[in-house]
Amino acid sequence: MTPVSLSSSSPIGLYLPRSQVCAKTIRNSTLLVAQHGLEATETRGMHLAVDMDAKRQIIKTMLACFLKYLSEKILQSKRFKKLFHRFLQVKGPSVEWSKIHRPPEDSIQPYEKIVARGLPDSVAESLNKLVVVKLNGGLGTSMGCKGPKSLISVRNENTFLDLTVQQIEHLNKTYNTDVPLVLMNSFNTDEDTKKILQKYTHHRVKIHTFNQSRYPRINKESLLPVATDMGMTGQNADVWYPPGHGDIYASFYNSGLLDQLIAEGKEYIFVSNIDNLGATVDLHILHHLVSRVPNGKRCEFIMEVTDKTRADVKGGTLIQYDGKLRLLEIAQVPKAHVDEFKSVTKFKIFNTNNLWISLGAIKRLQEQNAMDMEIIVNPKTLDGGQNVIQLETAVGAAIKSFDNAMGINVPRSRFLPVKTVSDLLLVMSNLYSLEAGSLTMSQKREFPTTPHIKLGSSFNKVQEYQNRFESIPDMLELDHLTVSGDVTFGKQVSLKGTVIIIANHGDRIDIPAGTILENKIVSGNLRILDH
């Protein structure tokens with residue numbers, strides 16, 4: 001059999017990276033050979049000693065693999081062109097401020113009202129209709145880590161992904177159900193994530209993956225793609241990007257996984273960011289979702305929102321616009337109204353990005369080409385100094401496309417994102433207890449609110465942060481912590497009230513083991529040296 005060679009300079013090669021084709025083809029071909037009871041010898045390229053029937057099967061498999069991959073790339077190209085053309089047509093803000101109204105009272109229900117309705121005798125039937133989807137496209141670079149953010153250890157050596165698997169496995173074992181986990185990866189995270197998934201083979205969780213699209217960054221001045229070809233290395237290493245989590249609908253649909261799950265009897269997905277440790281399956285919200293409302297129609301989309309604090313003023317909020325619920329992001333707000341948007345008095349809630357969505361509705365909207373999401377223009381500067389833009393969409397922005405959409409105002413505990421090392425310190429502390437993959441606020445904490453923690457630039461990277469704490473301090477009675485400069489903490493330190501520690505430039509502060517700091521300001525130079 002003549003080896004297949006795909007040149008990276010050929011038109012086909014531009015769509016089909018050699019490594020991806022060869023890896024998939026060899027796996028499929030090896031499987032076919034094994035099924036025929038034949039032996040394979042691999043020399044330069046790929047030479048298989050097989051009979052003619054097996055050869056035909058291998059060729060068909062290779063061709064199907066090639067066509068599927070090519071089809072995906074063509075679909076991505078079409079979606080990017082459509083997004084780009086929409087971007088060119090949009091002039092000014094996408095909303096008229098005078099048309100913005102507060103949502104009707106019944107469109108955003110308090111969580112307590114949902115809980116008061118109770119649960120059925122058996123929740124297994126509802127759980128068997130559910131799929132948990134985690135957005136897994138981000139890297140850990142903002143915290144000084146390489147690879148997918150989901151693989152960073154956050155508690156007792158458990159990663160974000162470990163905790164997610166533990167949560168779902170606990171559900172499946174407790175209720176004897178089959179709730180699968182789906183990861184939406186990006187080209188940045190897919191390879192590393194798939195390698196690590198092998199460790200969950202014997203867990204009671206079915207895990208599926210699909211990839212979001214890969215779009216080219218655009219030169220800010222010329223509005224032309226920066227990429228010179230489809231390559232991902234060398235000068236093209238940073239000219240591609242995953243186009244935001246709003247891409248989930250098209251990529252999920254085109255992967256074939258959506259149809260597969262519907263065929264298995266699944267009806268709803270629970271979507272959340274994998275770094276939100278508060279985003280666990282809530283049986284009360286699920287029961288409300290699968291129950292029919294008085295008009296006989298089920299809700300197709302639920303967005304979990306929670307009360308704003310000063311830290312959340314830039315978060316997207318729900319509004320009533322043209323008779324429909326709509327997500328309003330700060331990027332859509334006219335400059336003259338930005339301060340009004342940030343007002344906690346007028347816009348009291350924000351989107352947690354915990355979403356419950358009907359699979360059938362996603363399929364319908366995709367097939368009708370009726371999914372409507374505003375474009376987010378995200379400016380970036382490449383390493384070489386070139387200014388580019390990337391066009392993105394947000395998964396929550398599609399709420400206006402779904403029927404009977406609503407919001408639920410949930411407790412703050414369902415929004416526990418880990419975006420910075422300061423957040424990491426919070427979830428690693430004794431403020432939280434860990435059980436079956438879920439973090440809950442310690443009952444020893446007198447107040448349900450979390451302390452405000454601000455660590456300086458010396459703590460920005462996970463490795464630096466770990467080196468500066470011999471053990472995580474006791475923070476049960478902490479309200480506010482600010483640390484700046486070269487500061488280290490010994491074992492069994494206790495922080496209470498408001499603690500501010502500032503080491504001036506060139507100075508160092510070592511907090512000795514066993515220290516109790518309560519409502520203290522520590523500054524200057526404090527070092528405990530061995531004698």
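Residue 1 is the first one shown; counting continues down the chain.
Glycine is treated like the rest: Cβ placed from N, Cα and C.
These come from TrEMBL:
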BINDING   K149, Q212, G244, D275, K419  UTP binding site
BINDING   H245  substrate binding site
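A map of TrEMBL features onto the structure.
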residue : record           : contacts (Cβ under 8 Å, 6+ apart)
K149    : UTP binding site : G138, L139, G140, M143, F160, I274, D275
Q212    : UTP binding site : G137, M184, N185, S186, P242, P243, H245, D247, I248, S251
G244    : UTP binding site : I376, N378, E392, T393, A394, V395
K419    : UTP binding site : S142, D275
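With K149, Q212, G244, D275, K419 listed as the residues that bind UTP, the site has a largest C-alpha separation of 21 Å.
According to its DSSP assignment, D275 (UTP binding site) is coil. DSSP assigns K419 (UTP binding site) to coil in the three-state reduction, outside any helix or strand.
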